[in-house]
Amino acid sequence: MQYKDLRDFIGQLEGLGELRRIARPVSPNLEMTEICDRLLRAGGPAVVFEQPAGAPHGDIYSVPVLANLFGTTRRVAFGMGAESMEDLRDIGRVLSALKEPEPPRGLREAGKLFTLAKSVWDMAPKRVSGPACQEVVWEGNDVDLARLPIQTCWPGDAAPLITWGLVVTKGPHKKRQNLGIYRQQVIGRNQVIMRWLAHRGGALDFREHALANPGKPFPIAVALGADPATILGAVTPVPDTLSEYQFAGLLRGSRTALAGCLTPTLSELSVPASAEIVLEGHIQPDPNHPSGYQHALEGPFGDHTGYYNEQDWFPVFTIDRITMRRDPIYHSTYTGKPPDEPAVLGVALNEVFVPLLQKQFPEITDFYLPPEGCSYRMALVRMKKQYAGHAKRVMFGVWSFLRQFMYTKFIVVVDDDVDVRDWKEVIWAITTRVDPSRDTVLVDNTPIDYLDFASPVSGLGSKMGIDATDKWPGETTREWGTSIAMDAAVKAKVDTLWETLFERPAGR
């Protein structure tokens with residue numbers, strides 16, 4: 001699907017019956033979550049809540065809420081410029097070629113490589129003046145997050161939570177900007193807590209800034225309601241040589257239009273010119289905090305694990321200015337026990353990951369992140385095994401290949417005769433091909449998701465690999481079982497008879 005911006009995208013979705021509008025008042029406090037959860041579980045449409053209820057003084061918010069946008073894999077594919085899930089493998093192949101290009105083996109391959117390189121070059125983002133995202137500007141006391149219909153998703157949540165904010169940062173020693181999606185707890189009229197984990201790009205940029213420029217505010221811009229390609233580019237494993245804005249242009253089929261921020265100290269940051277709302281501001285110094293910058297206690301919030309997370313300290317982002325389009329749309333979501341939007345995104349991005357993994361490990365024939373595994377905590381790998389110990393090599397390869405798999409706790413490796421997308425087959429392989437002592441790999445003291453309260457130490461825990469492949473000589477001294485399979489000729493004969501098998505012959 002080709003589109004210009006978020007508004008064009010949702011307009012096309014509406015024409016396809018993939019988006020519906022809700023005209024009656026609905027509160028962003030819990031009610032939107034319940035409605036969206038039911039819609040997502042039923043494979044339902046994206047929605048626009050036209051009358052968010054509960055604004056200050058009991059009014060209706062003037063800003064509608066867009067939700068459940070990526071609630072189906074089909075809409076994720078549309079957002080990535082594809083027409084179907086199958087097309088996402090092609091995006092993975094492009095990323096694979098960009099990540100590790102191979103020398104061409106002839107003129108034809110050289111031509112393809114040149115065409116790909118030119119396509120990427122042609123999608124370099126462009127700066128524009130008079131952008132739509134700055135049609136309206138709030139400054140001074142007008143900067144008040146209570147004027148936006150920010151969701152409170154679950155009964156035990158500490159506060160309203162910005163969920164789809166595209167956070168733009170830049171380290172002092174880097175040429176390119178970093179785009180990341182980090183949740184932000186509202187703690188005041190113009191302040192939120194920026195929850196980014198230590199290894200994420202935004203946190204790394206902030207740490208470098210604090211070391212290089214101690215005591216100086218750290219500039220940040222947050223784009224709300226960016227176009228889907230830019231949002232999805234921020235959560236895709238884009239090669240370090242390619243900017244997320246450039247990749248978004250490649251997905252969308254048109255260069256990403258960028259705008260400079262209005263705040264002078266944010267001059268090095270660029271935001272999507274078509275974004276619905278932009279927050280401009282800084283993390284301010286605080287000499288009384290050990291880090292030298294303002295921090296606050298974040299959480300608890302219901303998360304994609306299906307649990308409330310524990311509280312922890314994160315930087316405070318103070319907003320100096322809010323710019324927006326005329327009649328803006330607020331894009332929101334919730335996270336909870338799978339399935340939720342992160343789980344759906346995980347299933348779709350899974351198809352992008354497969355060609356990337358196959359480039360490094362050609363023996364991998366399929367790869368699956370089951371949504372029940374909270375997007376990335378469990379991976380199932382199907383492979384063509386070639387030697388003893390091969391499955392264990394693949395396990396460690398997956399854990400170390402992409403940053404996205406650093407937090408994968410469980411990897412199950414099976415042979416090429418097992419469908420990793422069918423739990424019945426995976427369980428059959430585990431129960432018939434695994435000896436727990438021989439075929440289980442445990443690795444201690446590895447990076448673990450901060451939200452994984454099952455780990456003994458926050459951010460540090462163990463991983464498990466299960467080798468559910470047939471065992472080769474050297475892995476067992478016993479005669480290995482042979483899988484039962486019907487004769488191919490008999491299967492073909494029954495296939496031809498099947499439709500008429502229960503018909504009575506004429507005259508009987």
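Cβ atoms here come from the backbone N, Cα and C positions, even for glycine.
Per Swiss-Prot, these features apply:
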- N178, E244: Mn(2+) binding site (BINDING)
- I181, Y182, R183, R195, W196, L197, R200, G201: prenylated FMN binding site (BINDING)
- D303: active site, proton donor (ACT_SITE)
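What Swiss-Prot annotates, mapped onto the structure for a quick look.
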| residue | record | DSSP (3 states) |
| --- | --- | --- |
| N178 | Mn(2+) binding site | strand |
| R183 | prenylated FMN binding site | coil |
| R195 | prenylated FMN binding site | coil |
| R200 | prenylated FMN binding site | coil |
| E244 | Mn(2+) binding site | helix |
| D303 | active site, proton donor | coil |
What is the number of other Cβ atoms found within 10 Å of the Cβ of R183 (prenylated FMN binding site)?
22
Compute the C-alpha separation of R200 (prenylated FMN binding site) from D303 (active site, proton donor), stating it in Å without decimals.
18
Counting across all protein chains present, how many other Cβ atoms fall within 10 Å of the Cβ of N178 (Mn(2+) binding site)?
19
Including all protein chains shown, what's the count of other C-beta atoms within 10 A of the C-beta of E244 (Mn(2+) binding site)?
26
Neighbouring recorded positions, C-alpha within 10 angstroms of N178 (Mn(2+) binding site) - of W196, L197, G201, D303:
G201
Please find, for I181, Y182, R183, R195, W196, L197, R200, G201 as listed binding prenylated FMN, the greatest distance between any two Cα atoms, in Å.
14
Which residue among the binding-site residues R195, R200 has the fewest other Cβ atoms within 10 Å of its Cβ, if you could check?
R200
With an 8 Å cut-off on Cβ distance to the I181, Y182, R183, R195, W196, L197, R200, G201 Cβ center, who else from the chain surrounds the prenylated FMN site?
V167, G180, M194, G202, A203
